[in-house]
Amino acid sequence: MFIALLVLVNIWSSDALPSILTTWEYPEASDIGQSDITSFDTLLGGGSHIDALVDGCDVCDRHPELCRFSVGPGRPNEEGETTLDAMIMDGMTHAVGAVGCLKRVQQAARVARAVMDHTAHSLLVGEDATQFALNMGFNETNLETDESIANHEEWVEGNCQPNSWKDVLPNPTENCGPYSPVSDELPSPPTSQLPSNFFSSSADNHDTIGMVVIDDGGRVAAGTSTNGLAFKIPGRVGDSPIPGSGAYADGAIGGAAATGNGDVMMRFVPSFAAVAAMGEGLTPTEAAEQAVAAIAAKYPEFSGAVIAMNKDGAYGAACYGYEIFPFTVRDEHDDESRFEYVDCITL
């Protein structure tokens, strides 16, 4: 299957460093002049590439209203609880810190950094990740909001539609759970078609902050933070905290980050694929396009996007399944962030 993707992109040389590339329209995560310490502020103040990455993601973690409530407190799972995923990767050392299904601790990106800085592990999940965060001095807090509680109540009143279940009883396209497996017949064979009751991927539902940061010395970092899919099954961990899926960085090449239908995207490690493609000589645009096209070829109903930036500050993006995909760029040439857009195709 041939898939064409139209990508709008600017290319900058290494004099653009330092540079920050961010998924979606999140200028608050990278602009100068915000009340928060943000990525570019950190770089200009002498902070490291990792400091800048964490500070940028932390803006959304602490102020979810700036990021459509898709990061930090916001979207509930099936039980009405909000859980968080985040990852930090240092492209210079390939060190990774990540958390999945983090509960009751708001600053997920900072907890991910603590995993990287204070353990030999790469990923901690669930209640144990929460206990680790508390041991590291983070505060326990309620991640539910008035809006998330109201959204969950409305979802339950609507017979829990949409959801992420299949091959269970009662019929998940019409009913809430609890569910049990269909026992008198074989499960449906594996398919690349998403269930009809599955929550569609959109800016309002699969919205992750993904960032690639390169400082003026060419040091690369990439990372993500999100509260994941709305009304997800409890325990679900998406692509965002998975190295190579949510984000990836290699100091000799560059970095990439992904956003979209994480349950599908993690099967293709698109961020790693984009960085590897840049390492083989593709431009960031071509690399992002190749990563997205590989997913769309197998899952034509999927929606998602990849951003990529090489070590010299040249960048690109590609998307599929949306009408357009916005991303944010900030570099030495600008006094503030600028939005750029990719036109996506449909099959």
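Heads up, the Cβ atoms here are built off N, Cα and C, so glycines get one too.
What TrEMBL says about this one:
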SIGNAL    1-16  signal peptide
REGION    172-192  region 'Disordered'
ACT_SITE  THR208  active site, nucleophile
BINDING   ARG236, VAL237, GLY238, ASP239, THR259, GLY260, ASN261, GLY262  substrate binding site
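Overlay of TrEMBL annotations on the structure.
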residue	record	DSSP (3 states)
THR208	active site, nucleophile	coil
ARG236	substrate binding site	coil
THR259	substrate binding site	strand
Who sits close to ARG236 (substrate binding site): which same-chain residues at least 6 apart have their Cβ under 8 Å from its Cβ?
ASN77, CYS101, SER164, GLY228, LEU229, ASP263
Residues that sit under 8 angstroms from VAL237 (substrate binding site) by C-beta distance, when 6+ apart in the chain:
ASP85, GLY100, CYS101, VAL125, GLY228
Please give me the CB contact count at 10 A for ASP239 (substrate binding site), counting all chains in the structure.
31
GLY262 (substrate binding site) has how many other Cβ neighbours within 10 Å of its own Cβ?
28
